[in-house]
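Annotated disulfide bond per Swiss-Prot: Cys176-Cys215, in sequence order. Per Swiss-Prot, domain 'L-type lectin-like' is recorded for 31-252. Taken from Swiss-Prot, the feature N-linked glycosylation site covers Asn75. Annotation comment: Swiss-Prot describes 26-462 as topological domain 'Lumenal'. Under the heading topological domain 'Cytoplasmic', Swiss-Prot lists 484-526, citing sequence analysis as support. Positions annotated as transmembrane segment by Swiss-Prot, on the basis of sequence analysis: 463-483.
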Amino acid sequence: MPAVSGPGPLFCLLLLLLDPHSPETGCPPLRRFEYKLSFKGPRLALPGAGIPFWSHHGDAILGLEEVRLTPSMRNRSGAVWSRASVPFSAWEVEVQMRVTGLGRRGAQGMAVWYTRGRGHVGSVLGGLASWDGIGIFFDSPAEDTQDSPAIRVLASDGHIPSEQPGDGASQGLGSCHWDFRNRPHPFRARITYWGQRLRMSLNSGLTPSDPGEFCVDVGPLLLVPGGFFGVSAATGTLADDHDVLSFLTFSLSEPSPEVPPQPFLEMQQLRLARQLEGLWARLGLGTREDVTPKSDSEAQGEGERLFDLEETLGRHRRILQALRGLSKQLAQAERQWKKQLGPPGQARPDGGWALDASCQIPSTPGRGGHLSMSLNKDSAKVGALLHGQWTLLQALQEMRDAAVRMAAEAQVSYLPVGIEHHFLELDHILGLLQEELRGPAKAAAKAPRPPGQPPRASSCLQPGIFLFYLLIQTVGFFGYVHFRQELNKSLQECLSTGSLPLGPAPHTPRALGILRRQPLPASMPA
């Protein structure tokens, strides 16, 4: 048997020990879309409101399909930052971007940030000059033609400010060379932080659905929750259009352990146990149905019917209570009105006046004839009013009897579900009628009247006085008209004869107007 020597066995043993703990060989994590940390088109930005849950800064221009961080102008910078912090410890970000410009040399580039604090616009690719977190830089500076364009992952603790991505203030974790300028289609960058490792893959952008290619894998890297996502861009002496079409964020979590399939006997046992519980529940309710086991659909239908029956009975009980209360109120109102009006043809207890069957007033006790005459004139109106009130009382009595009959029928029969609102409307209408009838009764009760004296006559104007004043006004009007006509005739006669009366002429503006309009005759002296 040949002997094994050298470092080969030790290296294989180390690989065997590390393989179970490798995150790549385990189950993929569960992804959950986080809409408050994402944006995409169409209708990416709301008119006048910006991007939901995001803020834009600098020279960023919001559109319906994309966010243009910097236009193709020199010395411009713009950024977008999430308003909400990241509450989870593992995440994945998919960013779709496009960088276009003239020539082979590009502007400064773009950056994707995950930092402890929200930034606005800074000197490092439009982002923060001093940050606590990581930044993925898409560099395309015109000065570095050898290593440009490139993608770099930098980390910083926020203590030393940085002016450029490679000035030494930040720690470079990894990089790869990737030409992302002037692609036929927008390129996608997938950044995954899982198991304290940061991985990034990109597609070429030559076709809309290119597969992703590996770029950077750094770790161990500790990124605490509570940070903010951001994307920034900047231009220098040369200008490019830096566009972000979508920014999708997913939270990652451990997959839940799969439930092993239960054996057939255990499933049957659980099903029988559920049926037994249902039977005991039905027996406890006191139902008379057959206790033979039924299918799940039939049991569910029976439970729904039982629930509907209980709900219907409860509604019927409430309807009966409302009808009883309404009947009591109607009876009380009827007693009050009968007490106030009394039956037809019977004298009232106060001796005010007596009514016959036709609600007329044959006699009225009083001490003067003029009071009897005024009351006899208004007796027809008062009788009509009392007759209308008596008719209304009879109608209310009929409605109360109908309500009592409906309550008696509801006790022995089931009403269809959904008619409760009709009784509520009836109760409301009868309540309004009762309130309207209580108003005159309260007014009559509050008005004090000595016993034996009829109600006071109306305080309105007497017809005789009204006719007297009308006659005086008519006579005066006709007298005035006759006087004006006579005056006009006398003036016309004077003008026709050419001689004026010796007496003083009356001062009337209309007569003078007629005099001015008449031409002077030739025989009148000047």
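Each residue, glycine too, has its Cβ placed from N, Cα and C.
In the shown protein chains, 20 other C-beta atoms lie within 10 A of the C-beta of Cys215 (disulfide bond). Long-range Cβ contacts of Cys176 (disulfide bond) within its own chain (separation 6+, distance under 8 Å): Ala150, Ile151, Cys215, Val216. Note on the transmembrane segment (463-483): none of the residues of its chain located 6 or more positions outside it place their CB under 8 angstroms from a CB of the stretch. Residues near Asn75 (N-linked glycosylation site) in space but far in sequence (CB under 8 A, at least 6 apart, same chain), listed by position: Thr235, Gly236.
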